[in-house]
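Contents: one structure, followed by commentary.
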């Protein structure tokens, strides 16, 4: 590329001079400063690449000269193009590839190809009271962008924990200067006792696989101009069972003992961490004998149908891929807590029952009192007695106080006299003649009293 490291004359005002390239690169730079944003620029093959350059000075300048050189390792720098003030003098071999717009010292490379990779040197000379020079070097790399990587797993059917191994390989169709990195759950994977990598880092070996190796794996591929990440892939690892335990929806659990209320139906659930899912079996233990009562992860026990108050069970989990199994023992104790709760519930309702009973008693009493007031049963009885025939009254005898009590049946009527001390009781029989005069008033009173007794005096002999 370009001519040798000797410069041609640039105009009559500068005069004729020749020097070697390395002398130009290390010229004086007092009062002149050349800067570049980055000393390394990465370009994409087939695209344009812009190399920005800035310079400044503080002295009067009559002429500004800009020179671009290109060098590769172990080769001499080659001239690309130069300018004095606004006049550009390109190398005819590359006049359509490199572009510069003085006094701007930046360089445009279009299109960028792999041979364009190397070091680009820019030198600025200022002519005034003297000549000031400064230069910068920019390293340019050229790459193809990375295409999306694809990860393959071997064996694709999976591996058994502590028995099988697994290999993950990252494939990329396009890209240069590729750098591979493996990620697990979004974090970098490092070398360990089970992880190892190929020299290019595009292959990950896991030997042997364990449950902890389960996760989302991806391959990140990058180069100076791009990066791409593969789709997430999860290796299949068979493990377990781990952490076998039994839980229930009811009852109290203390250790391996479940306390269940009498009359409750309790559902037990047996679970363990495993892949693929386990096969569960429920075993009942009685009198040193065991027998399988059910298959599946759940068991329902109806406590009211169980004759024993204490029952022993075993839940067994088996993984048919790993060939491992585990079991857990537990005891079920049936108590009468449910009945006590029911009795307490009845006691809690007793005040309400008492109030209800008292209310019913009062209502019934009021109804009976109302019926008694309305119909008065004693009057009915009296009317029936008064309506008896006279023959029954004739049978009644006077009260003498000495006859047999069986002969005293009859109807009596007693009268209270105002003067009890002055009047003596007169029997219902006839009064002697000696007493008739003194007891006339009394007799008439007695007669009025006893006249209510039908025909009792007529039947008495005179």
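Placement of Cβ uses the backbone N, Cα and C atoms for every residue, glycine included.
Annotation source Swiss-Prot lists disulfide bond at 170-219, 270-315, citing sequence analysis. Residues annotated as domain 'Ig-like C2-type 1' in Swiss-Prot: 149-233. Taken from Swiss-Prot, the feature domain 'Ig-like C2-type 2' applies to 235-331. Per Swiss-Prot, the feature N-linked glycosylation site maps to 85, 129, 165, 320; the stated evidence is sequence analysis. Annotation source Swiss-Prot lists signal peptide at 1-31. Under the heading topological domain 'Cytoplasmic', Swiss-Prot lists 373-462, citing sequence analysis as support. The transmembrane segment annotation in Swiss-Prot covers 352-372.
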Cβ atoms near residue 170 (disulfide bond) (within 10 Å, other residues, all chains): 24
Residue from 85, 129, 219, 270 whose C-alpha is spatially nearest that of residue 165 (N-linked glycosylation site), among the recorded positions: 219
Neighbour-count leader, CB within 10 A, glycosylation sites: 85, 129, 165, 320: 85
Within the domain 'Ig-like C2-type 2' (235-331), residues counted as helix, strand or coil by DSSP: 3 helix, 67 strand, 27 coil
Between residue 320 (N-linked glycosylation site) and residue 219 (disulfide bond): CA-CA distance (Å): 33
For residue 315 (disulfide bond), the number of other Cβ atoms found within 10 Å of its own Cβ: 23
Candidate nearest residue 129 (N-linked glycosylation site) in space, where candidates are the recorded positions 85, 170, 270, 320 and distance is Cα-Cα: 85
Rounded inter-Cα distance in Å - residue 85 (N-linked glycosylation site), residue 170 (disulfide bond): 54
Per-region confidence, the domain 'Ig-like C2-type 1' (149-233) (mean pLDDT, whole number): 97
The domain 'Ig-like C2-type 1' (149-233) - residue tally per DSSP class, helix then strand then coil: 3 helix, 40 strand, 42 coil
Other CB atoms, at most 10 A from the CB of residue 270 (disulfide bond): 24
